[in-house]
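Reviewing the structure listed below.
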């Protein structure tokens, strides 16, 4: 307890910066992804009324659904574009300026959505959601990298997880404000959509008072004095020779290496182990069954005879459970390590899905199993929050050097946005075809993911980036692949020389 209070006082400026980063970072992504569900009926009614006033005829249902689908999907399209831009912007301007520019974009976007009702133009909602998507693609990457780079080694796992905490917080805030008792009404839906602009304004006003990340200042700007000043500002008075020495070692290793773009990272064989690991983590996270649980939650609650009026509040309880479990994850990740939480989390989630599958199939014979299904949903969300939800982001931030990190996050971001689009389009059809049996797919994915992570992911807890890179090189699987790549390259050179 004394150590916790000591850290709280010593790093008080760092904690303030984490809050400012979070509310204008992944918090906005979580809010924007969730809030659209609570305004759907009102927006569709607004589109109908606007069309009728303009053209004097009722909008066909097929056209209405097409416009609504565009409003939902254009956010993901913008996210992919923003993600592609984030690497260049972060490398050229730094994470701090990148986020400040992004705040201006988000404020513009929310002005469009907020005034769409007064202007009687649903096209403004389309444009606003597209700009919000671009902003989300930028700040999701910049926030995660920025948070990882400003953290001292002993708090790195905890601070890395804060990006996931704020993502869950955004979802929870959207559920709270979206209640009909607050802003989830026909008169206030445009105000609800504009809430993210207020949060972006708060970050725009307060982030300039905090420094750029120490690794960016030292490794890219070669500003040694600025790096030490930033460390002192963020971490208070103290001895930070260990962190500074680690940065100097990374600088020596990457001396003469510029920040790589996406194509250069994809061609660089030395980062293939890290890229494969990132791909495994992101695919396992997206196919772990959260989409299925989200889809089935309301139906399971209705089956358990919960009153329709209280289902939104029980769903809010699910979001709060996710938030609390991720906060708990942030407090234990530096004690148990990333690999333990990932493997243990996935295996526990697989076990819960087996029990949930059983309860759904037998609920008609044993009515009490319907209530068990509700409890299992909460347990699944808690296992997800304690395990992969927090650990994946932490590992991604730790396994890449600064020269490859920005572009690697672009690649990872594209995988995330494509996954969101793909699951949004395909998953409803899978549910229609398989029903509750769709959980069997996720059980298999979870078990395979746990085994692969155990075999190929080195523990990153308490290690510098250069140490983690060496651990990847010593992994037997990646070591074989590296030797094969070197031999292939040597053979190609030999053939070329023979031809000459």
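Sequential numbering from 1, following the chain as shown.
Here the Cβ of each residue, glycine as well, is placed from N, Cα and C on the backbone.
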Transmembrane segment range according to TrEMBL, out of 408-427, 468-487: 408-427
Segment assigned the feature transmembrane segment in TrEMBL (from 250-269, 310-329): 310-329
Stated TrEMBL location of transmembrane segment, expressed as one of 107-135, 368-396: 368-396
